[in-house]
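Here the structure comes first, spelled out in structure tokens, and everything after it is commentary.
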């Protein structure tokens, strides 16, 4: 084996552990690297907050990539045009709506969030939250494959002033509190894009002290309808949760 093989390994290990060590105490831990989570990460990081996103899958981006039924295009409301210009995502305006290539959109959000300073930990699952004095104060993390395989391996804890559940339809983080009777959780209702886009933004916010909910998780928690491959509500929800947290941290 050449010394270069060892060098490659050492550089990866050193850089990753530096990144992890610097993320053990955060302003905001975002769970789920979908559209609302990445938008919130971008907005918070560009304003100087220490933000990390924990994504249990290998591929961040949530439900963006597949567009509608694997037709890799998505739709947004016209009001998102300024945001797309800000993050330099290309789009077309058709019939008073915005159409975007879903692969371009997902990769653009990922680039902007990480460029702004957010750290994305893919293949890392949040298996629990830390609660002290009646308030969520961090996340309990383990390797995604470890959790999926049910291996008996203890996790580690990351401290965070606020935690955002951006895990989409399952609302995984809120579910952890609901099964212990700490919060009430409803269920997602059938498709209604018009109502859902408004519902998800209106109901974005704190569900338990220190824990906020954004994106499709809002519909699962509060009993809102789903909306399919229109993503304006996801972006607006991510922006709203970032504003709420920013105001609380200042």
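The backbone N, Cα and C atoms fix where each Cβ goes, and this holds for glycine too.
For the NAD(+) site, Swiss-Prot gives 36, 55, 56, 63, 126, 152, 153, 154; the one candidate out of 216, 227 that the record lists there too is 216.
Of all the binding-site residues given, namely 126, 153, 216, the one with the smallest number of surrounding CB atoms inside 10 A is 153. Taking residue 216 (NAD(+) binding site) as the reference point, the binding-site residues whose C-alpha atoms are within 10 Å of its C-alpha, out of 154, 169, 226, are 169, 226. Rounded to the nearest whole angstrom, the C-alpha distance between residue 126 (NAD(+) binding site) and residue 154 (Fe cation binding site) is 12. Listed in sequence order, 188, 216, 217, 219, 220, 226 are the same-chain residues at least 6 apart in sequence whose CB falls under 8 Å from the CB of residue 169 (Fe cation binding site).
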